[in-house]
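Visitor: Handing you a structure now.
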Amino acid sequence: MDSSNNSVVTEFILLGLSNSWELQLFLFFVFSVLYGAAVLGNLLIILTVITDSCLHTPMYFLLSNLSFIDMCQATFATPKMIADFLSKHKSITFQGCMSQIFFLHVFGGSEMVLLVAMAYDRYIAICKPLHYMTIMSRKVCTVLVGVSWAIGILHSASHLAFTVNLPFCGPNKVDNFFCDLPLVIKLACLDTYILEILVLTNSGLLSLICFLLLLVSYTVILATVHRQASGGTSKALSTLSAHVTVVVLFFGPLIFIYIWPFESFPIDKFISVFFTVFTPLLNPMIYTLRNKDVKEAVKKLRNRHIGSKHDF
């Protein structure tokens, strides 16, 4: 990276969430608990889907992949933030900063596309139930997951391609707890207006396309459910409501970010925390609490684990 970069800056200073030592100690314990819960919650869903044969269906295959992305999203910056609460000098190397930018957009882009794939899965299940297993085969599901990762990596690489070569020769303070792309770009020693437009177009276009696809798919699904008068309608609505809730939690902060992408507001740090910590924590809770099959599978997994302990 250094060979292709003309920058004098070798590290960035992360200003974090607070300057108060007492508050940082409090936040250290709070975010340690939240991060642990987010990782364990998503790991529990992945293990439950893998070990329970009743959950070996397309919907839960996609859900387990969403949990994996959420676990990664919670990990790319949160452990460093937690460690920085105990440090006075909150710095990150140039390479580390570029890595955070890369992984943030990989996981964010992949999750957006995967949410569209999950909406497509629900569309087929509710609108074309007789052809569901034929259309949503394991091969199709694997392709959908592969496409989501490919788009996420391509989306992120397109950002990093120009960011890594920017000349950083002066200020190096990032007013957040991780390297956020718009904040880092503004530190470059040149006029970044065109670059800011490119970033907004790249991320905004992907977000807008995914959001519109989700909006159309859920509108069609709700119209279909409304016309149905079967016993499965309530279950379909329950499953659908969990998906819609996750979509709202994911795209809600993004909408605010893209309204004022390069302006700094006090609420920006809250949105960053929500996106990197609370969303990965809330997703497993939403799918577990609103999904009877997952709750039953978790109980069986727990009882199996307790039973094996007693046998031992």
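Placement of Cβ uses the backbone N, Cα and C atoms for every residue, glycine included.
The domain 'G-protein coupled receptors family 1 profile' annotation in TrEMBL covers 41-287. Here TrEMBL flags 25-47, 59-78, 98-120, 140-162, 205-225, 237-259, 271-289 as transmembrane segment.
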Visitor: Could you check whether the transmembrane segment (140-162) packs against the transmembrane segment (59-78) - three or more CB pairs closer than 8 Å, residues at least 6 apart in sequence?
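Guide: Contact criterion met.
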Visitor: By Cβ distance under 8 Å, which residues at least 6 away from the ends of the transmembrane segment (25-47) in the same chain are close to it?
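Guide: Sequence-remote neighbours of the transmembrane segment (25-47) are 17-18, 63-64, 67-68, 70-71, 74-75, 78-79, 81-82, 85-86, 277-278, 280-281, 283-285, 287-288, 294, 298, 301.
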Visitor: Counting only residues 6+ away from its ends, which parts of the chain sit with a Cβ under 8 Å from the transmembrane segment (59-78)?
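Guide: Residues 31, 35, 38-39, 42-43, 45-46, 49-50, 100, 103-104, 107-108, 110-111, 114-115, 117-118, 121-122, 125, 138, 141, 144-145, 148, 177-178, 239, 246, 275-277, 279-281, 283-284, 287, 293-294 contact the transmembrane segment (59-78) from elsewhere in the chain.
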